[in-house]
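Engineer: Below is one structure. I have some questions about it.
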Protein chains: 4
Amino acid sequence: MAGNSFGTLFRFTTWGESHGPAIGVVVDGCPSLIDLVAETDIQPWMDKRRPGQSRYTTQRQEPDQVKILSGVFEDKTTGTPISLLIENTDQRSKDYSDIAGKFRPGHADYTYWQKYGIRDYRGGGRSSARETACRVAAGAVARKVLGSAIQVRGALVQIGPHKIDRSRWDWAEIDNNPFFCPDPVAATQWADYLDGIRKSGSSVGAVVELVASGVPVGLGDPLYDKLDSDLACAMMTINAVKGVEIGNGFAAAELTGEDNADEMRMGPDGQPQFLTNHAGGILGGISTGQDIVVRFAVKPTSSILTPRQTVDTAGNDTDILTKGRHDPCVGIRAVPVGEAMMACVLADHLLRRRAERRE
Amino acid sequence: MAGNSFGTLFRFTTWGESHGPAIGVVVDGCPSLIDLVAETDIQPWMDKRRPGQSRYTTQRQEPDQVKILSGVFEDKTTGTPISLLIENTDQRSKDYSDIAGKFRPGHADYTYWQKYGIRDYRGGGRSSARETACRVAAGAVARKVLGSAIQVRGALVQIGPHKIDRSRWDWAEIDNNPFFCPDPVAATQWADYLDGIRKSGSSVGAVVELVASGVPVGLGDPLYDKLDSDLACAMMTINAVKGVEIGNGFAAAELTGEDNADEMRMGPDGQPQFLTNHAGGILGGISTGQDIVVRFAVKPTSSILTPRQTVDTAGNDTDILTKGRHDPCVGIRAVPVGEAMMACVLADHLLRRRAERRE
Amino acid sequence: MAGNSFGTLFRFTTWGESHGPAIGVVVDGCPSLIDLVAETDIQPWMDKRRPGQSRYTTQRQEPDQVKILSGVFEDKTTGTPISLLIENTDQRSKDYSDIAGKFRPGHADYTYWQKYGIRDYRGGGRSSARETACRVAAGAVARKVLGSAIQVRGALVQIGPHKIDRSRWDWAEIDNNPFFCPDPVAATQWADYLDGIRKSGSSVGAVVELVASGVPVGLGDPLYDKLDSDLACAMMTINAVKGVEIGNGFAAAELTGEDNADEMRMGPDGQPQFLTNHAGGILGGISTGQDIVVRFAVKPTSSILTPRQTVDTAGNDTDILTKGRHDPCVGIRAVPVGEAMMACVLADHLLRRRAERRE
Amino acid sequence: MAGNSFGTLFRFTTWGESHGPAIGVVVDGCPSLIDLVAETDIQPWMDKRRPGQSRYTTQRQEPDQVKILSGVFEDKTTGTPISLLIENTDQRSKDYSDIAGKFRPGHADYTYWQKYGIRDYRGGGRSSARETACRVAAGAVARKVLGSAIQVRGALVQIGPHKIDRSRWDWAEIDNNPFFCPDPVAATQWADYLDGIRKSGSSVGAVVELVASGVPVGLGDPLYDKLDSDLACAMMTINAVKGVEIGNGFAAAELTGEDNADEMRMGPDGQPQFLTNHAGGILGGISTGQDIVVRFAVKPTSSILTPRQTVDTAGNDTDILTKGRHDPCVGIRAVPVGEAMMACVLADHLLRRRAERRE
């Protein structure tokens, strides 16, 4: 029943509903003596996920300003739990009054109702994507634990049926378009495509790719706390995610052992190096020292303007269309959320790895 | 560093290396008063995974006979931990002596070496697929917890580039071919295809699909212990798995909100029912009462006869080819393993669900 | 490193420093549909622990008003995490400036410094007894989970060398004196005794006894999650607690098997009943259905006016006397804190017990 | 329901019943590259706890020979789970047939019956003290993790009403008498006293004291994973333990703040040192670098020859006397068990401490 925490040594717990007074996260297990200032270390990541920044994301206006309530003394972490609070300011709860008793298809309305016998129907309550702001805040702390040598970056690589051209991949393009798209040509095409989706009140799915570089070899624990199983779990906890893959992923099913092998040679630095990275940087659940590559699929936003058939809590057939402010492609804002979750998984395993050091 | 346990209320811990005297699993948290007899309740599932049963799996001959050492009294579970032991009988450790110092591409050799500074190189040691026998044993206990109303079944739906024709899906065919293939036509074609792969000393990947039926609505916990995140984690802990998806999975990325919606109508029994199951039986991390559908991709077996470039522990470039007894498609035997892991996840959440009951 | 959470199915996480802007607790795993109103369900327990209510506790004035930030909708729990926030209002941080670099004997100053390399020295920071307000808030929610049939009560049974006379035990007296003392005669004597202690700037230890009645048989899990081991752990997490015992406790060491046996007879209701309760309501780690009896020892408050020898962070010998506002007997306020922890342990095991129910 | 595991990073899981074929323990999280040989590293500790070694412990004859089934390769740990197995050889299950349906006072018979609806009545089944052999085996591995600089020792300091004279404490005496008694005079007196107890078929309680020396400063995590709360939990998980205290323990309740303060001075080595150790080596849940001192009370063995009143599973009043082979003072064999649990707690926190190291 408890189930709002994530991680083992670097562990966070989130709380809050979409239309309550605030949401927040408690980050426990962050080492001491790390510089941590809300404005410069956390807020920039919040701003990246923040709604209302382009016409392709929900028009809800939330400053998402993070307050540090504990765990930091004179701008340094003290080793005690870091409580981060984000106030909700732009709730429009009345938008939801006419759907209070209806189960929105694709949403958690029906299952929460069945499980708990009660739900805060305003804006999805606890199951709202608003909760992901807390993940981004925790991820910002995780990045400080990882330090500057480990970099976690994400990109949108597919929107609806439209994929990027990987030969044009340029990380520098990520911030030049509202999609976190690394392919500038695709980004232009997507803008037109998504405008159409948005104007018709429809929605569309997407695929996000995350890359962590600078990860040392040896992160990840044996069989049931593998680095890849923890990453898969992490991504699948994000709202609307329906698939996760590492390295070659599902494509590996089509390959032969010869084609999928990552051969090795001694490098010029006298260290072993891999000649390819089909494995996505993880072998046997443990990081290889190469880039860690994760992709996840986000389903289309369930809130659409076209009426759908449903039932209500009284047991009547009815129709529903969702008028609230929503993302035509929730996959866009999933990029910083995925990055944050990846950073948290890596921070956790980095601390676990330290515990293994021999004297 | 610990990391050999899985689950919360229904929890198992595995131990053992491929070429040690035995492997085993301790199942903790199984309710009392469940009938449990090794021969009839566990052994049949072991036999399904057991190697050496067709020319498409490793020729290692292991009876995989399970002994119950504790937790059962007069053929009933007592609520205390159930210790299950499987002896290793057909180790041929000398097969491995010439690769003791070489890192096999695609295997965990390099990462275990880097992480632990030591490894039992015989047959993959701890990272061997042999460990999955323990999962199947635990899964057999989990099935008893689920009872007969909840059914967990798996099938191979793709081998290399060859997919089944879903219109021919027939669960009754599963046991009629050595691939757990539900499409009899595909099974025949696969036999020829895989014979070629096997004879050339190559290997190939596969995709497994799991379906759980009879699962009640309400299983799965909030944001970080979702039923789907726990399933994704579970599948990704299996050796060689590189991708997991639920319901429409990655295909959902290409759909619109209209196409992906599972609409609802009141059923003839006065209960709400879904008209489709794009979600794969899970919404907001909680089971809907529909079939739960999970797919996972298995990479091609890394042990192949074609020499691959690698390095050794002394820092020399070298080549390697793997002569041990291996599966040309490890995805086949992943079917019963995936089923077992799904059964364990469901048993865990079933017990967790019981804790939520209101008086 | 993480270590600010307690419990498994009913689980809470506390955060906050004595002199930060606020402290708080996130309660995760509380079942849904429980009536929960801050003013009537939580505040009364807070008030019981609140400082400044008599001359025998610290004169810091804190309203300790609890705000519910999440997890409750229309005065009912929703099954989502309950975030409770308590603002700090009466910090006098300057009281601490002259001891910032000195290690107060008996406090956590030295160990926090060594462990974390930094500490918020103001009022003890994280190690302040102020954190226990969060425990009381969590305990208030736990009481709602336990329901009215299970009652958790505590009393002060010894202060310094002065014990109560058990023949005069009267629960109704608890609220008639500032000590939670069940013996009115002792309470009068204690007042004089503690006045002397207080005026001399000294402090004294105490023993608290907790009794839970109405606990059903069967709570507590096998060997390592015993009800008594969880209770012992819970009490020992409270600041200044140095000993815990169940039932006869240390006195059992002096008894023979004949004297310590709790014999049984069938009761008039046709149920087995125990004739005595030397065991304190727990056998083999599992509740017997009798009253559960726990006692714990609280050391004297370390902050005293008499100078003590110590060292400072610069490595100099020095003396220290503590001028802040402190409790002459911190054991008094430990009564509601102990009750809260006991309620949390019982709520956790009550939920775990439900998971065991057979269909 | 699960509840047979202990620890976080250094974690063990025990299984097995008193009269089953074997008992065992899986130790997970042990670092790699530690020398570990069953005969020399584990067996000596087993022999210390082994029954039948003097007339003061049960006459059951068990060689308690430990087999290492996994996790060790060429006499070194590999970082994978260490499975240890101990066969049961001297069960006399028929001793128990006439008490199968009766609840032995002071035993877990009644509570197991109520909780699980079934129990293996032979020799106490899972709740037998036989399980503690597994703890000792795990503790032997923990000692290897701690290394030679950290020493964990235990002594019996009280048997029935008879305490040792602390001025005569000599660790070298521990192995010179069958009581692990550090006071040779007391040991002689105890022999007479316990002979009387034994001959009359009675039993008596005891107090064990554990001391860990060489523990570095900084072990123990914040509020809910304190070193002392983990130790209290650990001791209370041992069969028949009814009380735990750290340092001054319950005696601290009688002291003033002046008397209980551990003052500090800079030592000749330029390091801070404490002048006394009332705290028992732990402040704020964190080790101070001094000796860690824990005491726990063991109740008298419940199995005695004098008939006691009880009831049976059919609901009849009856009498019971226990004829099996039992310890007149189970506290004696609790000494090595307590040591083992202390070693496990310290090993766990030592690994956790390593995770905190800053780069």
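Backbone N, Cα and C define each Cβ position, glycine as well.
TrEMBL lists these features:
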BINDING   A:ARG49, A:ARG55  NADP(+) binding site
BINDING   A:ARG126, A:SER127, A:SER128, A:ASN239, A:ALA240, A:GLY284, A:LYS299, A:PRO300, A:THR301, A:SER302, A:SER303, A:ARG325  FMN binding site
Engineer: Within the chain of A:LYS299 (FMN binding site), which residues six or more apart in sequence place their C-beta under 8 angstroms from its C-beta?
Structural biologist: A:GLY106, A:GLY205, A:ALA240, A:VAL241, A:LYS242
Engineer: For the binding-site residues A:ARG55, A:ARG126, A:SER128, A:LYS299, A:THR301, return the ones with C-beta distance to chain B below 8 angstroms, or 'none'.
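Structural biologist: It is A:ARG126, A:LYS299, A:THR301, listed by sequence.
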Engineer: Including all protein chains shown, what's the count of other C-beta atoms within 10 A of the C-beta of A:THR301 (FMN binding site)?
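Structural biologist: There are 27 such Cβ atoms around A:THR301 (FMN binding site).
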Engineer: So which one is it: of the binding-site residues A:ARG49, A:ARG55, A:ARG126, which has the fewest other Cβ atoms within 10 Å?
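Structural biologist: Ranked by other Cβ atoms within 10 Å, the binding-site residues A:ARG49, A:ARG55, A:ARG126 bottom out at A:ARG55.
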Engineer: Based on Cβ atoms within 10 Å, give me the single least packed residue among the binding-site residues A:SER128, A:SER303.
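Structural biologist: Lowest Cβ count within 10 Å among the binding-site residues (A:SER128, A:SER303) is A:SER128.
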Engineer: Using DSSP with the three-state reduction, classify A:THR301 (FMN binding site) as helix, strand or coil.
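Structural biologist: DSSP call for A:THR301 (FMN binding site): coil, neither helix nor strand.
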Engineer: Would you mind pulling the DSSP three-state label for A:ALA240 (FMN binding site)?
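Structural biologist: Looking at the DSSP assignment, A:ALA240 (FMN binding site) belongs to neither helix nor strand, so coil.
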Engineer: Three-state secondary structure of A:ARG49 (NADP(+) binding site) from DSSP?
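Structural biologist: Once the DSSP labels are grouped into three classes, A:ARG49 (NADP(+) binding site) ends up as helix.
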Engineer: Quick one: pull the CA-CA distance for A:ARG49 (NADP(+) binding site) versus A:SER303 (FMN binding site), whole Å only.
Structural biologist: 19
Engineer: How big is the gap, in Å, between the Cα of A:THR301 (FMN binding site) and that of A:ARG55 (NADP(+) binding site), rounded to a whole number?
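Structural biologist: That comes out at 15 Å between the alpha carbons.
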Engineer: Is there any among the binding-site residues A:ARG55, A:ARG126, A:ALA240, A:LYS299, A:THR301, A:SER303 whose Cβ is under 8 Å from chain C, and which ones, in sequence order?
Structural biologist: A:ARG126
Engineer: Tell me the Cα distance separating A:ARG55 (NADP(+) binding site) from A:ARG126 (FMN binding site), rounded to the nearest angstrom.
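Structural biologist: Checking the Cα atoms of A:ARG126 (FMN binding site) and A:ARG55 (NADP(+) binding site) gives a distance of 25 Å.
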